[in-house]
Amino acid sequence: MPTVLLRLFFPHPHNKHRAHILHPLSFAFFVSLFIGLEFLILTHPDVASKVLGATANITPASIIELTNQRRAKEGLPTLKEDSVLDKAAQEKGADMMARNYWAHNAPDGTTPWHFFNEVGYSYRYAGENLARDFTQSEDIVDAWIASSSHRENLLSQRYEDIGVAVVEGNLKGINTILVVQMFGTKLNNVLPMVEKTTTLRVEPVNSLVQGEKVQLVSQVGGMFAATKTLGIGLLVFIIFILIADIFVVQIKRIDRHASRSSAHVMFLVVILFIVLIFEGGKIF
Amino acid sequence: MRHFTRHLSHYLSLTGLLLVALVGLIVFKYDPTFQTAIVISLGISFVIWGVVHHWLHEGLKIRLILEYLGVAAFGMAILLALIWSV
């Protein structure tokens, strides 16, 4: 093997028994390289999502089914899908896309209850769960269950109806998938359906309702997948070099004064494990 | 292997530290702020572990600290990018 490569990757008398690639400056290079590539991923989300194809497999039906499965486990009654609540969820999703926000309350203070009223769902109890950038329905419901406030909504005895919308669109310049889950219990004296008048300019969004199947593409999901792949690649490479270092030092009984490669391997293996189990998506 | 058994208490403390961070990151799976705090604490703890380990056994050199800093920064950069990419 050429001496240059030996010096670069393995302990050798010419590199004072420490591979050049394990020197502090090399790590500074790796951090800079990672940040640089991350910058490219962030500035070209379309490329990342095309290369790694972050398509989502989320439907309102699956969200409702999984929600009811969780409720059944807890001995709670099944929620009925209400088409009016579905519509309210779609309106909320479209509003978030149109006004570029992701929150329960809009920037102007519009609350989720506004959308219930707008579609004519007069409620005694109402609740809302939000999620974004997940690729699987199961992960969304798992995330809601893991959060006490969302779990409270999902497993509340007070609700009778459910409505879900999966909305794809451009949020803050990035193709994003939003999931809106609305819960409610009607008042006995239901108000008549109100004609919706809005001055909002609603951007065209890809919105899923019960039964529809559309290929959803999340650029955020693509960016996440690209970051994950890049991180795994770099980590595996460095761990491999460190393990080679440990073996060579052990076999050749090299006595040197350097940081502990074994400690670095332990640290980076844990980081690699975390990266591998890390899942994308946010809930609100 | 002899090195491990000779410094067993040090490696056990490092294992404990890594496990605490791992459990913390799993428990606070959907809380990016808390996850960020855990990752930064993990990086700092790893560097402190390295400093204490070498200070007690072989003497400490600035180069050794830089090596631990480099590895910690590398691991932290990857985790933080992942946490904040979604």
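Positions of Cβ are set from backbone N, Cα and C atoms, glycine also.
TrEMBL labels come from automatic prediction, so no person has curated them.
Features reported for this protein in TrEMBL:
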TRANSMEM  A:21-42  transmembrane segment
DOMAIN    A:65-173  domain 'SCP'
TRANSMEM  A:230-249  transmembrane segment
TRANSMEM  A:261-278  transmembrane segment
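For the domain 'SCP' (A:65-173), the number of residues in each DSSP class (helix H, G, I; strand E, B; coil) is 50 helix, 24 strand, 35 coil. Residues belonging to the domain 'SCP' (A:65-173) score a mean pLDDT of 90 in the model.
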